[in-house]
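Asker: Grabbed the feature section from Swiss-Prot, which reads as follows:
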COMPBIAS  1-10  compositional bias 'Polar residues'
COMPBIAS  27-38  compositional bias 'Polar residues'
COMPBIAS  39-48  compositional bias 'Basic and acidic residues'
CARBOHYD  Asn6  N-linked glycosylation site
CARBOHYD  Asn107  N-linked glycosylation site
CARBOHYD  Asn114  N-linked glycosylation site
CARBOHYD  Asn437  N-linked glycosylation site
REGION    1-68  region 'Disordered'
REGION    281-300  region 'Disordered'
TRANSMEM  76-96  transmembrane segment
TRANSMEM  115-135  transmembrane segment
TRANSMEM  142-162  transmembrane segment
TRANSMEM  173-193  transmembrane segment
TRANSMEM  202-222  transmembrane segment
TRANSMEM  231-251  transmembrane segment
TRANSMEM  311-331  transmembrane segment
TRANSMEM  354-374  transmembrane segment
TRANSMEM  413-433  transmembrane segment
TRANSMEM  442-462  transmembrane segment
TRANSMEM  473-493  transmembrane segment
TRANSMEM  504-524  transmembrane segment
Amino acid sequence: MPEPFNSTMPLPSPPNAQPKDEKVGLQDSNQPPEMSASSEKKHPENENRQSQQNLRPTESENNEPYSVHSSSAKKLMVLAASLAGFFSPLSASIYYPALPAIEKALNVSSTQVNLTVTTYLILQGLAPMVTASFSDSAGRRPGYAICFIVYLAANLGLALQNSYAALMVLRALQSAGSSGAIAIANGVVSDIITPQERGSYIAFASVGSILGPSLSPIIGGLFAEYTDWHWIFWFLLIFSGAFCVPFFLFFPETCRKIVGNGKGVPPFWNRNLPDILRARKEKQRQQRAENEEENANRQRSRLSIPNPLKVFVVFTNLQTVMTLCPAGVAFGSYYAVLTGASGEFTRVYHFSEIKVALIFLPMGVGGLISALSTGKLVNWNFHRHARKRGIMVARNRRQELLNFPIERARLEIALPVFCLGCVCTVLYGWLMTQDVNVSGPIILLFVMSWSFAAFYQVLNVLLVDTYPGRGAMVTAVVNLLRCEIGAGMAAMISPLTSATGSGWSYTIIALIGVAATSPLLLTMKYGMKWRQESAAKAEEKKSRMQEAQQRQEV
């Protein structure tokens with residue numbers, strides 16, 4: 001590994017400086033970004049030297065790890081959060097095969113039944129904004145508790161009701177309850193995982209939202225074929241109830257405002273069963289007093305009223321918008337292919353309902369493989385860039401990314417796989433106009449699912465990287481765009497195919513994706529520079545505010 005400091009430029013050594021022969025890691029995040037920005041001004045001679053000096057590690061408070069949880073515990077926590085987020089897409093798509101039966105049973109038109117789908121999608125995009133803001137302040141466990149209480153109650157009502165008005169209202173509540181868990185999942189990852197390890201964990205956190213649209217039509221088709229449509233909601237009630245019991249007994253509070261790196265004792269409403277048992281064993285008043293003092297500032301914020309408009313501050317950052325829109329379009333393309341697949345295979349291959357449901361299985365497998373493979377690619381590229389710059393990556397330590405090209409490290413993986421997905425989308429569309437073996441389109445569906453899921457996951461990682469500690473808030477915004485763009489592209493694919501044919505309709509979908517992702521080339525090239533300029537402006541603004549405050553005090 002190359003020596004990170006240039007010996008021709010002497011650097012001031014703090015009292016606790018490391019020996020010269022030690023390798024240098026990414027700057028510890030406990031040193032605020034403004035210090036890095038100010039140090040750039042002190043040594044403007046060389047950009048490489050400037051970066052190296054800012055990458056010098058600093059001692060964190062008490063030298064504590066970023067998270068006290070073990071690697072296996074973190075994997076279980078992320079898996080549990082991912083399963084919690086699985087219920088929203090599961091509930092959305094499992095409903096589709098039963099629409100004709102519901103239309104007949106309630107004696108309503110297809111347009112009226114489709115309105116329940118639209119209502120679900122609208123709430124699926126809006127509800128996480130409230131949940132994300134609440135969980136960032138009150139904690140992840142209270143956020144999950146509210147989500148599942150609403151979701152379980154809605155499922156029970158849907159299983160018992162027989163009126164259109166009740167169906168409309170309860171589907172909206174079902175959407176509001178289940179969709180909030182998606183945003184909290186990435187918040188959990190942001191709480192316990194450092195950027196250098198985040199790739200694989202974010203992928204696992206996204207697997208629920210990827211598998212849901214692919215697997216749920218199969219389950220819904222089986223219920224619609226062999227049972228009464230009410231059993232769809234009984235199944236969701238039983239499944240979610242069985243999940244909630246172990247989840248709320250053992251899932252720990254992770255919000256850093258509440259428990260820090262996991263060492264702090266959470267308030268009563270944030271405790272799981274091990275926390276309660278541990279609290280009972282703490283008999284020494286001094287230890288309890290120290291824990292209360294340590295968490296006083298964190299607990300003070302837990303009762304703040306959630307502000308759903310707070311998430312829109314993300315849109316004030318142009319670089320973030322340039323990342324958000326491609327993420328939404330990627331999932332929109334996925335939903336467009338998913339929505340059009342049933343009609344295409346019925347028209348071309350005359351598949352029955354069960355066979356049509358089975359074609360979603362390869363897409364689910366593609367999404368699952370994406371979750372298992374994408375994270376490793378993302379982490380590998382992160383470490384490759386670190387080695388290239390002579391940077392030592394510290395495990396389980398949060399490290400400053402101000403002078404690290406995190407955009408390039410992430411997008412070098414994201415852009416090629418998305419291009420592969422767009423090529424497969426075009427090929428799929430034109431194959432459906434030809435009399436070819438069914439295995440060809442199915443293989444392309446598998447590759448498209450892998451590609452779009454991988455691209456979406458990597459952009460999720462990048463967004464969480466650029467908003468540390470606010471993963472739930474960023475994910476809520478991504479979810480909003482994903483749902484609204486997905487609803488639009490899913491609604492567009494059928495009339496577009498009728499007007500232009502399968503070949504040109506999917507070609508247009510691919511071209512929309514290419515156009516939406518082209519700004520990411522600028523992000524990859526200038527992203528680090530933009531972040532540094534933003535940090536410098538923030539430091540300058542902070543200095544002016546401090547000076548103004550000092551003048552007022554005088």
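Yeah, the Cβs are placed from backbone N, Cα and C, and that goes for glycine too.
A quick note: this is a predicted structure, and the numbers were derived from the prediction, not measured.
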Asker: Just name the winner among Asn107, Asn114, Asn437 (the glycosylation sites) by count of other CB atoms within 10 A of its CB.
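Answerer: Of the glycosylation sites Asn107, Asn114, Asn437, the most buried by Cβ count within 10 Å is Asn114.
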Asker: Between the stretches 76-96, 142-162, 231-251, 311-331, which wins on the count of C-beta pairs under 8 angstroms to the transmembrane segment (173-193)?
Answerer: 76-96
Asker: Residue list, the transmembrane segment (311-331) vs rest of chain: Cβ under 8 Å, 6 or more residues beyond ends.
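Answerer: For the transmembrane segment (311-331), the list is 129, 132-133, 418, 421, 452, 455-456, 459-460, 462-463, 466-467, 473-474, 476-478, 480-482, 484-486, 489, 512-513, 516-517, 519-520, 522-523, 527, 530-531, 534.
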Asker: Quick check for me: are there 3+ Cβ pairs below 8 Å between the transmembrane segment (142-162) and the transmembrane segment (473-493), leaving out pairs under 6 residues apart?
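Answerer: Not in contact, no.
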Asker: Six or more residues beyond either end and a Cβ under 8 Å away: which residues meet both conditions relative to the transmembrane segment (231-251)?
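Answerer: For the transmembrane segment (231-251), the sequence-distant neighbours (Cβ-Cβ under 8 Å, at least 6 residues beyond its ends) are 77, 80-81, 83-84, 87, 90-91, 94-95, 98, 141, 144-145, 148, 151-152, 155-156, 158-159, 219-220, 223-224, 272-274.
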Asker: In terms of Cβ proximity under 8 Å, which residues at least six beyond the ends of the transmembrane segment (504-524) contact it?
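Answerer: Contacts of the transmembrane segment (504-524) (Cβ under 8 Å, skipping residues fewer than 6 from its ends): 319, 322-323, 325-326, 329-330, 333, 336-337, 340, 407-408, 411-412, 414-415, 418-419, 421-423, 425-426, 428-430, 432, 489, 493, 496-497.
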Asker: Do at least three C-beta pairs under 8 angstroms join the transmembrane segment (473-493) to the transmembrane segment (76-96), pairs 6 or more apart in sequence?
Answerer: no
Asker: Mind checking which residues reach the transmembrane segment (76-96)? Cβ under 8 Å, same chain, six or more beyond either end.
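Answerer: Same-chain contacts beyond the ends: 69, 116-117, 120-121, 124, 144, 147-148, 151, 171, 174-175, 178-179, 181-182, 184-185, 188-189, 192-193, 201, 204-209, 211-213, 215-217, 219-220, 223, 232, 235-236, 239-240, 243, 247, 251-252, 254.
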Asker: Cα-Cα separation of Asn114 (N-linked glycosylation site) and Asn107 (N-linked glycosylation site), in Å?
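Answerer: With the alpha carbons as reference points, the distance is 14 Å.
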Asker: Between the Cα atoms of Asn107 (N-linked glycosylation site) and Asn437 (N-linked glycosylation site), what distance do you get, rounded to the nearest Å?
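Answerer: A Cα-Cα distance of 40 Å.
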